[in-house]
Amino acid sequence: MSVVAAETAEVVLSSGWFLENAFIIPIIPAVAFALIIFFGKRMPMKGSEFGIASMVGALVMSVGAGYQWIQRVNGAPEEAYIEPIIRTWTWWQNGGIPLGIGQHIDGLSIVILIVVAFISTLVQIYSTEYLHGDRRYTHFFASLTLFSAGMLNMVVAENMIQLILGWELMGLCSFMLIGHWWEDGANSRAALKAFFTTRTGDIGLLVGTSVLYFAANDWTQKTLGVSGFSIRGLSAWALSGEPSSTAITVGAVALFIAAIGKSGQFPLHTWLPDAMAGPTPVSSLLHSSTMVVAGVFLVARIFPVFYEGMNIYGSNVNFIIVIGAITIVIAAALAFVQTDIKKVLAYSTVSQLGYMMMGLGAGAWLPAVFHIFTHAFFKACLFLAAGSISHSASHHSFDMKKDMGGLRKFMPITFGTWIVSTLALAGVFPFSGFFSKDEIIDNVGYAGYTIFMWVGLLGAFMTAAYMTRATYLTFFGAPRGAAAGEHHDEHDAHGHDAHDDHDAHATHDAHAAHDAHGHDAHASHGPRESGPLITIPLIILATLAMGSGLLNAVPFGSEWENFKKWIEPRGQVVSVTGIDHSAGSHGESRVIQPEARVTAGYESDCGKKTPTDGVCYAPQLKHAKFKWSKAALSLAIVAAGIIISWFVSVQLYTRRNKVLVGLTQRNKLLGAGYAFLVNKYYLDVLYEKIIVRSIAYPISRGAYWINQNILDGIVNGAGTGSKTIAGWVYRNIDQRVVDGAVNKSGDAAQGAGSIVRPVQSGKVNQYGALLFGAAAIGALVLVIINT
Amino acid sequence: MFVNQFLMLAAILFCIGVYGVIVRKNAVLVLMSIELILNSVNINLIAFSLRNGSADGHTFALYVIAVAAAEVGVGLAMVLLMYRNRRSVGLDELSGMKG
């Protein structure tokens, strides 16, 4: 295996403390979770200080690791293989299979670590204000911290088992956070729906992991000496030409089903918009950097398995790209009919996740990961801006049509950050979304999937249009409802009567508690700007939404492609024995590679041919050449989306244009389409009424029939028979023979019982004391006899 | 092999459990104390099993865990019924078994 070419270059990769100890990052919030649970309520800030401190700690460590990773990459030649920093310990053993826990730190984990820690920190700071005075404030921070710990653990995971651990932790915490205000039935239903829907996908994760383990374990043990759960082992195995196409396809499809559930892809996207029932900071965290990104991360993490299993670059279509494309369009279409501002953002998240999946399916690994990165900032910013509006301007309502409008004058900071993030989301040059989304579309076309490139462009048009609609309804036009300073009736009734919007209803309770603490910020009931704890995170996120695209600004030339240099795994054939870890301190490693392969511009055959003199850890990826002509097309489409949507919105919502208003009522076809969208393609009906019923109802009905007819028949028959026998026994044996004996012995027992009766005090504790006393005496007797 | 330390730990846990059973008036806390006692026994079983180098103790410990789970299930159901009927889980108010 280790045939090293005659001319070799020794590549020394530097390392450092932060890189070597990155496994500590998820442990920090996990410890903070325990501290909050045990001591949170007694702390001056009710436990939020632990949460924020732990997230800052995780952020510092992530940034440190990121800095050292950049040093490591910059110190190596341009095309050299950069070894990830892998550490592993045995966690537990089962039937001779050791299950490890550790870290697998490469560019992908570094970038997600930084994003997660950063967004979590901001969200926690924001929450201290947003949930001020909430009745379960401490528990909220505990769940939020554990949620981040789960995601961080998934990101550093060395093997699939550790990844599942983080994955499930997130599932559990999302359940707790979405159902945070569980007193309202709608919230707890949304929490259950999120949990069950993602669990449906999780079956795929378990199946896929075990299929891949049994297929890969022998090869990985023999060749690399690692288990078949190891991410590095699976990656190398997938590209080795060893796996049978059935095994790897089944494994990849099963794992992708898990990603569909977690990342809200069609057809399991229905839980994501309902998850808006949670507090807004939760939505922000859930939709930007954790939870929903988990599925995309899974695909990016063990990309070689999907690369081989789905035949990416090979055939015309594959499962991932199709699901991604469907998701883009259907979610964007749904965003048009929403009146709840958070639901617009939720469907926009679903649609953007579709872009990431489509990118991964087309082999555009880097643009997809870069889109995770930029999307995290602008989507977190949009959600927090929506929260800021509901917190300070619209009386905890999220209804754009009823309670918003004209807010740009009252909330200049929120408005500015919203506009920046909207432009980034729509992909307007030079905001960050342009650099990532346009790259995905471009690379999808470059890889030969022309139809899907047009789907991507259609999605870009729709994104621009529905975001313009939402912006218009929220910030322009005349103020309506709460935004116009109208006093909600239910405000006085402390939010216990019927309310259209369940979320607003629940927030109301928090608000009632708020009032009770005597910090009434609602002295004047008009809309106004939020406090600094809310606006500062918004400003930071908006700045990043504007500037983060420059990290991989392909249009400006290759020297701007830092993200590609630092993050993208290099598809290089690496000799199995060619890595020397003994050198230097701090895990410095030396990779010995043929001279030719470390020079710039070299393209290996990884992913195309079976490597003969080593293993590949990543396929050689293709990159589209940027052309302004192609970018101009997508920018023109985005501009058209904004302009058309703006005019339609003005006509529809302000001028009350006679042709447009009520069009869906007058035209049957459009009306049917509208109803189809409002009912979310009837998918919820399909799942809850048809699938669940058709499976659960016949089972329960069958069980009921068996119970009524067979079991009851047996029981009744036996009952009648025994009753006849019993009657005879009673008359002859019981009354005459037994009773006589019993009465006599009863008398005797009563005499004896009256002696020990005082012991039976009826106090359980006393019984316990007697029992243990007797046992102690028994033990003493045993000891004495045996000595 | 540090069997002594294991046994000491088990003994301490056992004493805490017994103390809880005798002193506590809250039925739930008594149930928890019983769990402590069962687990101290588990520690003993596993400690001896380690010293003797056989897996019998482990097996027994697993049985004990299963039995403990069932016991807690029944116990909590009883506590729930108690609460429903009397609106409290205080054991000192329960003397229906008085002879």
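Yeah, the Cβs are placed from backbone N, Cα and C, and that goes for glycine too.
From the options A:282-307, A:672-697, the stretch TrEMBL describes as transmembrane segment is A:282-307. In the predicted model, the domain 'NADH-Ubiquinone oxidoreductase (complex I) chain 5 N-terminal' (A:91-141) has a mean pLDDT of 84. With a cut-off of 8 Å between Cβ atoms, the residues of this chain six or more beyond the transmembrane segment (A:319-337) that come close are 253, 256, 260, 264-266, 269, 273, 299, 306, 310, 312, 343-344, 347-348, 350-351, 353-362, 444, 449, 452, 455-456, 458-459, 462-463, 465-466, 469-470, 674, 677-678, 680-681. Secondary structure of the domain 'NADH-Ubiquinone oxidoreductase (complex I) chain 5 N-terminal' (A:91-141), assigned with DSSP and counted as helix (H, G, I), strand (E, B) and coil, comes to 29 helix, 13 strand, 9 coil. Of the Cβ pairs linking the transmembrane segment (A:533-554) with the transmembrane segment (A:410-434) and spaced 6 or more residues apart, 3 or more are under 8 Å, so the two regions touch.
Through the fold, the transmembrane segment (A:22-40) approaches residues 46-47, 50-51, 53-55, 57-58, 61-62, 65, 85, 87, 102-103, 105, 109, 113, 117, 120, 138, 141-142, 145-146, 148-150, 152-153, 155-156, 166 of its own chain, all at least 6 residues removed from its boundaries and within a Cβ separation under 8 Å.
The stretch in A:194-216, A:282-307, A:410-434, A:446-467, A:631-653 that contributes the largest number of Cβ pairs under 8 Å to the transmembrane segment (A:163-182) is A:194-216.
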